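Colleague: Here you go, one structure.
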Amino acid sequence: MLEVQSSNHGCERQAPTTSPASSAGHAVEVRPGLYLGGAAAVAGPDYLREAGITAVLTVDSEPAFPAGAGFEGLQSLFVPALDKPETDLLSHLDRCVAFIGQARSEGRAVLVHCHAGVSRSVAVVTAFIMKTEQLTFEKAYENLQTIKPEAKMNEGFEWQLKLYEAMGHEVHTSSAVYKQYRLQKVTEKYPELRNLPRELFAVDPTTVSQGLKDDILYKCRKCRRSLFRRSSILDHSEGSGPVAFAHKRTGLSSVLTTGNQAQCTSYFIEPVQWMESALLGVMDGQLLCPKCSAKLGSFNWYGEQCSCGRWITPAFQIHKNRVDEVKTLPALGSQTKKP
């Protein structure tokens, strides 16, 4: 039978308890109406009914309920994820947090579970606490571990939650933080990938018209061909040298942040559509202007070091002295070259 434990965190709700269960089957109430557990907690619909749980979020390799299983009124969400550092959990966090929040707002008790109830589900619940209580990753995780001492997410999930914090507890797909994260996830699978995801590439600025807002374009200094927009630049903090992958670091020093990069002699950008043919199937090479073939910079999926010392992985590097920065004024349709 399911054993539901009620933690002492200011909640007066009394959770029902039944006969003792294995550790993996425990469902611990970590916040009012929010439970955290393992696979045994969803072994049968009767267990959930006894605990008053009517919403289940499964973060595992397989869904908790086959099609048509469960019981009437049960809401469920399945997020496919392995308990490995390289698993992309970050991209699913907004959907998970929204599911938990919506269910609780409807007065439902929610169970978040994975297989053992110590890593994947812990990461999701930590993200929910971070967002709803505006806590740092460290504070939210520490609080959860006081309630469920065996909670121990893998280092990859820890890194992803730090990125989640850096983005303000919301996954902004247009932010430099997320773009660099997405590139790193592709790098982990490269060069085995047969095709690069289309969404990995920024739109070629020559294929879209100027928007309603002022914009900054970067053009080939030799032939004036538009190459990329300001939004494609992945700003970074100053560094002191190469470190393997960001999730192996202890802090947020690897997170790309907007800052003063006056000493940097290159722009590190997200790949743009005109680069696609040059990137596929090779680990490194030159980046040439698609119009005049002038050398603009280089790329390396394993990373390159900026002149400021920061190691960027992967790296799509454009030398500043090979491009001009041009501000476009849409109202006048004019362009002004910056000095």
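Positions of Cβ are set from backbone N, Cα and C atoms, glycine also.
Residues or ranges marked as active site, phosphocysteine intermediate in Swiss-Prot: CYS114. According to Swiss-Prot, the feature substrate binding site maps to HIS115, ALA116, GLY117, VAL118, SER119, ARG120. Taken from Swiss-Prot, the feature compositional bias 'Polar residues' covers 1-22. The feature domain 'Tyrosine-protein phosphatase' is assigned by Swiss-Prot to 26-170. Per Swiss-Prot, phosphoserine is recorded for SER334. Here Swiss-Prot flags 1-25 as region 'Disordered'.
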Colleague: Within the domain 'Tyrosine-protein phosphatase' (26-170), how many residues are helix, strand or coil going by DSSP?
Modeller: 64 helix, 28 strand, 53 coil
Colleague: Given the binding-site residues HIS115, ARG120, which one's Cβ is surrounded by the fewest other Cβ atoms within 10 Å?
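Modeller: Taking HIS115, ARG120 as the binding-site residues, the minimal 10 Å Cβ count falls on HIS115.
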Colleague: Please name the residue among the recorded positions CYS114, ALA116, VAL118 whose C-beta has the most neighbouring C-beta atoms within 10 angstroms.
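Modeller: Top count of Cβ atoms within 10 Å goes to CYS114.
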Colleague: Around the substrate site recorded as HIS115, ALA116, GLY117, VAL118, SER119, ARG120, what other same-chain residues have a C-beta within 8 angstroms of the site's C-beta center?
Modeller: GLY38, ASP83, HIS113, CYS114, SER121, VAL122
Colleague: List the residues of the same chain that sit at least 6 positions away from SER119 (substrate binding site) in sequence and have their Cβ under 8 Å from its Cβ, in sequence order, or write 'none'.
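Modeller: ASP83, LYS152, MET153, ASN154, PHE157 - these are the non-local Cβ neighbours of SER119 (substrate binding site), listed in sequence order.
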Colleague: If you draw a 10 Å sphere around the Cβ of GLY117 (substrate binding site), how many other Cβ atoms fall inside it, taking every protein chain shown into account?
Modeller: 27
